[in-house]
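Residues or ranges marked as active site, proton donor in Swiss-Prot (evidence: sequence analysis): 188. According to Swiss-Prot, the feature N-linked glycosylation site maps to 197, 276, 391, 421, 434, 517, 602, 677, 715, 720, 759, 805, an assignment based on sequence analysis. As annotated by Swiss-Prot, disulfide bond applies to 257-304, with the evidence given as similarity to another entry. The annotation active site, nucleophile is assigned in Swiss-Prot to 287 on the grounds of sequence analysis.
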């Protein structure tokens, strides 16, 4: 393989004369340019270390900054963001970009404030396991025609969206002082016909033109759906529709929640793929596995150890570095919550995703491990221009080790990425590595790899203005150019490391402070310093001024290099070094004080190196702490945690209950409901009976729908009913108030066909009423047959058995349908249960005296429904971040549909018979940490066995003393109850 690589390089040199390639731009702006090595922003090469974030899944704008600060602190310089059309458009030609969490200008402002670039992804189609893939639900009833093509019907629907959201994206481009550096066209749209007249090609041209019309000038991108097709690259069969920067999506883990030993098989073909299909462009992994979604009936994220492992981040992300990737987006980095009815049927309420940052905004070990790579790429400028020197198993003394060898053609810096050839191996292997350096060919002995570990070995690596490494078998975490050059290494505890300074004096003296003792060995290439990594922080001060920190991996997890600048790019002299806390959000130096803002769960020691001899004091979240100075120039102290604070959450009591299924009664007045009188549908899927009963045809798209069908006579013995509301969605039916059957939902079935059997004694000679109540788990994605996102929802067909026909059907759904009567929470928050339509879930609702004193623990004894409400007070300390959730459980065999509403937000869809989720977190802003909270639970039984819960309990996940303000006035996000009688 090394010989082949050499031949390739000779051929490349003959062909081009030089390995350098001048930067290319799109002709609209030179602020963002690219070549085959990397992206350049404002003339500076950038390693795009990006995390996927969906603001819709966290409907509290202030918390976007919380997440962004955590990403910035953990080495990210960019976020990738979907903009869901569905969230901003409740009805045709109506857009909301200003109300509550719909205000995306705040998203851009917070990203800029946090020091993050933005990759904008506005579709029109997004997927992201969101309902209808992000299409506006009003358009997903069939009226779009052939979606994701040049179909005129589709074009007329999506173009206004792109023009509106595009204007805001354009206003926030890097060219206008904003953070947007790339703009994605569409999403995972597979190009299968390379013909300029192909409908998809025309469509991609239309999307490009629409963004251009909106004023977007930054380079365009796209994300290939795995290595299945080759789509929209200027370097491969470009007949139109191609983007400027080609990207690839890859989820290669093949991990199993049930079996942590399965999967973990690396793909080592990214380099070849990009060389074949986008060779003039930098390698861009537009979505790379940060976790994986879980379906109804699957596993819950917290129990999926294989997806949560920091080893995954270590091995897989470094493999991408070895493949020459320089644009790297982790999907998801923060998943959030599918609150309301925003989920596609393939996922449940939680969209935690097993991501590095938990749904509760807590930092997982996976994020701590990811940080080690993020901080490394931030300072490793030579990594941004490399060629593939070679790869394979011949670089080491043990052929069980695979090596990527990258070389910078200008500086000759080398990057050797080593891992087990069998990536799932748990063997501990010691080997030597053959390297090429400015001092010639060398061999580094005694490199150790634990199972499922990878390392980046550097050669001729600059660590400051006057210092370089000839090589190091310890991994570089970061370096800083301060009063002296400061270098930070890390290794697993107990592993051996060695490094050699380049062109350093032979008689260097050093002093060690800590548990890792250094030894020096003179070689022909210089002095090799060797050590065995101990636990904690070890500092080594050399007589030439260089300061080296040696950290074990777990200590490195709690190391931060907070920038002293606000820009996403951070030079080695623009950050300081902090060891110890759970999180460092930011740092600044004012006179003789370094001011640090951060979070801590437990009291910890803290060490700060600023390189400023005038700094004598440390403040933590505004409070000075006692410190002592070390002999090598740092300050050490202790920062407080929250371990001594008792969190006492109230028990939930004083429940009130009301009937939320009054429509079961044949005497219920439905005269104001929508009459189902259509004999044709806008949908191309033909109904199984008439009139059309698709809910979307009548303007009801989300949540529970209720149908009431009337017929005369006593001849009917039953009814054939087919319902399609997404996998796991159940439904139930009542004839004249008597339960007659239904379907409890199945995670493997998108629709159900059931025969309802009527009891003759329940029939009346005139005006029989069949009431059908349906659950809903979302609109399908584009890939679901027959017509993707436009697959109908509701009753597909309903016919009587034994004679007679239905004489009238009426439907009721969410209050107001497409009117969006609660614009703050938006068009997907509510469904059509009576309690929802009446606003019983909203703050300020006054329960009537007629309400029952009953709790969800009592439940219902038959096929009934109840809406339970209570309130509780929280009074957490002001400087605490305490993620809080609601724990539910139900007796085995319970078949019911349960929803949780916290201060009006539907933040839990619980199906106890399907699962897996039973603990539902609420972010601050949805829940008041210091104030009054309104909690509502709707529950209806899917069978006549009834339903109840056996646990309804507030639960604290953890507690952190925080420098972020989580206790604000959230009133603007929680509009209260208003009379809704008209929607009865």
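Using the three backbone atoms N, Cα and C, a Cβ is placed for every residue, glycine included.
Keep in mind that this is a model prediction, so the values were computed, not measured.
Projection of Swiss-Prot feature records onto the structure.
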| residue | record | Cβ contacts under 8 Å, 6 or more apart |
| --- | --- | --- |
| 188 | active site, proton donor | 127, 223, 224, 225, 249 |
| 197 | N-linked glycosylation site | none |
| 421 | N-linked glycosylation site | 393, 399, 400, 401, 402 |
| 434 | N-linked glycosylation site | 395, 396, 441, 442, 443 |
| 602 | N-linked glycosylation site | 582, 641, 642, 643 |
| 677 | N-linked glycosylation site | 691 |
| 715 | N-linked glycosylation site | 802, 803, 804 |
| 720 | N-linked glycosylation site | 753, 754, 755, 756, 797, 798, 799, 801 |
| 759 | N-linked glycosylation site | 735, 738, 740 |
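In this structure, of the recorded positions 276, 287, 391, the smallest number of CB atoms within 10 A of the CB marks 276. Around residue 805 (N-linked glycosylation site), the same-chain residues six or more apart in sequence whose CB sits under 8 Å from its CB are 711, 799, listed in sequence order. Using CA atoms as reference points, the recorded positions 257, 276, 287, 304, 517 were checked against residue 391 (N-linked glycosylation site), and the closest is 276. For residue 304 (disulfide bond) paired with residue 287 (active site, nucleophile), the C-alpha to C-alpha distance reads 21 Å.
Mapped onto three states, the DSSP output places residue 276 (N-linked glycosylation site) in helix. Comparing the Cα of residue 257 (disulfide bond) with the Cα of every entry in 276, 287, 517, these being the recorded positions, the smallest distance points to 287.
Classification of residue 720 (N-linked glycosylation site) by DSSP places it within a strand. A Cα-Cα distance of 19 Å separates the residue listed as 'active site, nucleophile' from residue 276 (N-linked glycosylation site). Just so you know, the Cβ of residue 257 (disulfide bond) picks up 20 other Cβ atoms within 10 Å once every protein chain is counted. Reported as a whole number, the C-alpha separation between residue 517 (N-linked glycosylation site) and residue 276 (N-linked glycosylation site) equals 48 Å. Annotation note: residue 805 (N-linked glycosylation site) sits in a coil segment as assigned by DSSP.
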